[in-house]
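> Heads up, here are the entries from TrEMBL:
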DOMAIN    40-290  domain 'G-protein coupled receptors family 1 profile'
TRANSMEM  25-49  transmembrane segment
TRANSMEM  61-81  transmembrane segment
TRANSMEM  101-119  transmembrane segment
TRANSMEM  140-157  transmembrane segment
TRANSMEM  205-225  transmembrane segment
TRANSMEM  237-255  transmembrane segment
TRANSMEM  275-292  transmembrane segment
Amino acid sequence: AMLNQTEVSEFILLGLTDVPGLQHLFFVSFLLLYLTSLLGNGAIVSMVLSEPRLHTPMYFFLGNLSCLDIFYSTVTVPKMLTGFLFGHQPISLGGCLAQLHFFHFLGSTEAVLLAAMAYDRYVAICDPLRYALVMSPRTCLLLAVASWSTGFVHAVMHSVMTSQLSFCGRNHIHHFFCDIKPLLNLACSTTSLNMTLLNVVTTSVVLGPFTLIVLSYLYIISFVLQKVRSQEGRWKPFSTCAAHLTIVALFYIPVLSNYAPPSSGGFPKRDVQVSLMYSAVTPALNPLIYTLRNQEVRSALKKMLGRNL
């Protein structure tokens, strides 16, 4: 039966909506979000590089995060924007695998990086005297390299496994980019191993860092409640954590709702809305959250803009 089936060489991304009015509204909104993401994250990266006062572990990780967010939104949003303008978007099998690879590479790197940032806050608050020693430039570099390489290996596993599948006949993807689940839905070879990897490996890449983040904050909270007596003394450590916690919430709530329940074959509409959240919305909000919460970033930004104007 397989012989007369033609192999699919390209897919059609159906995007978010076919309603013309909505398409224009979405185009404008997501273009603005994308530009916000590029400008905001670009400003943070150049600030962290150019401002000596920001050459600390916390800002080193923030610079990595902003760098990630620039790439992350670029993997999916431009293709989605062209979809709003020109309707259904064709994408080659290779392009599809590349999109899937970079989406999972950058997404899982971000998950691990957020855990490194939580560890940084834990050491800063619970062991301030040894902070410079523990979070040495070498340690920070190792943690960053570990984050990026974990993400990379995880994504290679998925792109290699997906490239082994054969696709025939159906080629319409009900999504605005090539994610794993919608592709597995279209495969006409068996996908049980791919599903198992998605459920076991991806869930642990998501839940492992999440567990570390929760533990770090449990330690921080118990430390502050036990050791710090004054009320305003208690608020100070939390204010440096507030930005990080907000970003963790924005990243993890959608991700956990998307990947944590064992994926059945089905692929609900909700997955699309959830992916939108972390590919378009969160990268635009991250720089704003850090700038609003943070005096150092604000003054460095003013200084940088003053130099350029």
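Cβ atoms here come from the backbone N, Cα and C positions, even for glycine.
Looking at the shown structure, can you explain where the listed features end up?
Sequence-remote contacts of a segment are chain residues at least 6 beyond its ends whose Cβ falls under 8 Å from one of its Cβ atoms, and for the transmembrane segment (25-49) they are 16-17, 55, 59-60, 62-63, 66-67, 69-70, 73, 77-78, 80-81, 84-85, 280-281, 283-284, 286-288, 290-291, 297, 300-301, 304.
Sequence-distant contacts of the transmembrane segment (61-81) (same chain, at least 6 residues past either end, Cβ-Cβ under 8 Å): 13, 15-16, 27, 30-31, 33-34, 37-38, 40-42, 44-45, 48-49, 89, 91, 99, 102-103, 106-107, 109-110, 113-114, 116-117, 120, 140, 143-144, 147, 176-177, 247, 275, 279-280, 282-284, 286-287, 290.
Same-chain residues lying 6+ beyond the ends of the transmembrane segment (237-255) with a Cβ under 8 Å from its Cβ atoms: 58, 65, 107, 110-111, 114, 117-118, 121, 124-125, 206, 210, 213, 217, 220, 224, 228, 274-275, 277-278, 281-282, 285-286, 289-290, 293-294.
Outside the transmembrane segment (275-292), and at least 6 residues removed from its termini, the chain residues within Cβ reach (under 8 Å) are 16, 30, 33-34, 36-37, 40-41, 43-44, 62, 65-66, 69-70, 72-73, 75-77, 80, 103, 107, 175-177, 179, 243, 246-247, 250-251, 254-255, 258, 298, 301.
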> I'm checking region-level scores; what's the whole-number mean pLDDT for the domain 'G-protein coupled receptors family 1 profile' (40-290)?
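Here the mean pLDDT over the domain 'G-protein coupled receptors family 1 profile' (40-290) amounts to 90.
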> For the transmembrane segment (140-157), could you work out the same-chain residues 6 or more beyond its ends whose Cβ comes under 8 Å from its Cβ atoms?
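Sequence-distant neighbours of the transmembrane segment (140-157): 57, 60-61, 64, 100-113, 116, 119-120, 197, 201-202, 205.
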